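*Asks:* When I checked TrEMBL for this same protein, it listed these features:
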type    : residues            : note
BINDING : B:90, B:93, B:94    : heme c 1 binding site
BINDING : B:236, B:239, B:240 : heme c 2 binding site
DOMAIN  : B:68-177            : domain 'Cytochrome c'
DOMAIN  : B:221-372           : domain 'Cytochrome c'
């Protein structure tokens, strides 16, 4: 999504705000709607997305006044994020200064978010941010799975001839999980990463292959995928 | 009005002329673009019938399949007059009653002479990248040229000699004229016709095909276990490639599995072959140098003693096995691979002992037996 | 884990002699540097052109062979690693003429166990020429070299051969991290054996050996060619996999005064070529398995080999020879089983300007 597109979107959004004043009169009387009603009294400008369900109240900017370009971009980005994510009615307040945005989903009380990237997290949780406890659990459990995979990957236990995965794949190099499904000439068919893991277990490592739903298989996959995340992909070379 | 009328008529004439010129030019270009090999008179084109999803074989652009050419090729294929003493036809070594092979250890040509290698089947050969055990021919046309003048096979002194012999047979004169539109027969006419016939010798419809298509009871439990082993523990499928697009059980590559290495000094053989600069097709006729396999073609050390992976369709019909016919049964082939081939300095690194149990060996044989087609082409043909 | 690699196309093709005499062919190909598959080069790779010419051109020229990184497990002679080492021994024994001597490049064992050494000793016993053994980290860290020294003698030595000074180093020394952590011998061994160990310690030659080396080289004329055998690369390639010698600069400085210096190293299991100032570095192939090239730091002189097919245990593995020229330079041959051999000549190294493109990992 290039900058010209964003500028175009800004322009559309500005057009969309014109009939706003009339609509605002009909709004219901919850907190967020009160904000909208007061919009003309305060120095705010309200920008509505083309679906009519997402609105941004831009503080420190008069109705009809041309926003500074940076601000306009911010508004456009915010509206796009909101529109991409859900169908709900959302009102966002963009403060005059500072980075905190306030969001009200379907008339619920406002929640504060630091950045547009946090918005999806807020929205899935019905307006509540994840707690530190939740985040710690998730990280620990994910790491447990990866660590289990790391241990399997680095020990000869998956095979029977003393060979382990890391002997050919230090740091999971040459595994390229992002390239599957693909045709593997060793099996002469299109396969998934887990098929190749099993092939390696049976062939170079001379062991017994794992069931596809074996926790060990999942763990090995978890390690490989996490170790290779963000690595450069060069089609034709893998 | 009149003037205008005349002008219009003039314009019309001009347009017709232009159109005719254009047509002529297009015709000229069209003629120019025609395949250059031979003038190809009209013939009923022939479409190969393949199961859905199977890749079409490569048919040379200058040798499109026609019914007339296939019929001519068929006559040539079964005709012993292609050999020096009228005793050997293509079908002698590639006999429809024997899975298009000959059931012998090695091929036997004119005057009872034995060649160095086992006759491979012609069935589905149209789908292979190369022909001969060492892959020295890239097309069936190229392949067909060689046995004709091989002194140990059909033994004609030269291609010209065959052309002359064929040209003197009235029936052939007529059919070559019909197919190729010329009175002057060439060796290329002969081999394109034979190759066209061979391209029709395809076979599917084996119990295993029905199994793959979803009919679980099409093959026995033992054969099903064999198929699993084939893809797994027995390590077959890496070279005997099978998939729905290319269900022929070969990867078209060349491997040294140790069959060739029977106490010979292959190092000195290879050096001799390299320094002689001889034609691989000549070297392949000699018993000793023929064992160098793919090396004869590439002259690359990694190819010493390497031979083409055989397809496995109808394999139960084409004993004995291996490039030299040294394994008499499917059971002995499995045993050969189970012990890890024959150790030699150039043994392919994919070959290793398999530790198969007796039951597993039987299952693999059962699986291979499920690859025999129900409806082989030319089943009514007999070779006299 | 690869489908057919496009890199295959980059593999150097067979060179046909045509009407060129063998001698001319050799000259040309040696200039071209990397040669694959001469037609004369058959089952017995010892008869490579490089060697034949070397044997013809003067008394001071000679060939030695190397076998390296077999990583034997005490699982009998039918284990794939044992079979591979056996194959290398058979290949070297088939060389005609025989090499002047053989270097074993380290990591004979996988876990430094006596049973592994005794299996290894049995397999290499049939080698006919003089054998120099070098130590690798897999040989060392179970009992800090005790068993290895019993089997094979001193890990550090030097000798002179046909006017060339050879040095064998123990370059896999690391600082003691195990005492504090109270590791068992096997824990220590496994810790060292893991290539991608993020807590691994870098290899060194160490102060004591550097002092020995300085004294050893003091008696060697500056014009005498020097060849150093080292298990670790003696330069800094990729730290996370310990393709690395931490005191490489100090060792290189000791070698700096000499006109012609070549380091032959193990550990990296790949075709690997480097040149730093006056020192040329050649990696050795492993008989057991190839390591992938590191994600960064590959020396620009290296012609990378394609990724090996894991179906084929002889793909990307092998052994090799080094032909010492009259000027004391080395033309290195990688005898890659199941591929064609590769020769990296000294002449070529002088002409390479650009990084040679290779596969990514």
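Positions of Cβ are set from backbone N, Cα and C atoms, glycine also.
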*Asks:* Of all the binding-site residues given, B:94, B:240, which residue's CB has the most CB neighbours within 10 A?
*Replies:* B:94
*Asks:* Per residue, counting other C-beta atoms within 10 angstroms of the C-beta, which of the binding-site residues B:93, B:239 reaches the highest number?
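*Replies:* Going through B:93, B:239 one by one, the largest Cβ count within 10 Å is at B:93.
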*Asks:* List only the single closest residue to residue B:94 (heme c 1 binding site), chosen from the binding-site residues B:236, B:239, B:240 by CA-CA distance.
*Replies:* B:240
*Asks:* When neighbour density is defined as the number of other C-beta atoms within 10 angstroms of a residue's C-beta, which of the binding-site residues B:90, B:236 has the lowest density?
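*Replies:* Among the binding-site residues B:90, B:236, the sparsest Cβ neighbourhood within 10 Å belongs to B:236.
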*Asks:* Tell me whether residue B:236 (heme c 2 binding site) sits in a helix, a strand or coil according to DSSP.
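*Replies:* Its secondary structure by DSSP: coil.
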*Asks:* Rounded to the nearest Å, what's the C-alpha distance separating residue B:240 (heme c 2 binding site) and residue B:93 (heme c 1 binding site)? Just drop the number here, would you?
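*Replies:* Roughly 24 Å, rounded to the nearest whole number.
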*Asks:* For the heme c 2 site (B:236, B:239, B:240), what does the 8 A shell look like? I mean other same-chain residues with CB within 8 A of the CB centroid.
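*Replies:* The answer, listed by sequence position, is B:230, B:235, B:237, B:238, B:241, B:249, B:250, B:251, B:309, B:312.
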*Asks:* Tell me the residue counts in helix, strand and coil for the domain 'Cytochrome c' (B:68-177), as DSSP assigns them.
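*Replies:* Counting residues per DSSP class in the domain 'Cytochrome c' (B:68-177), I get 53 helix, 6 strand, 51 coil.
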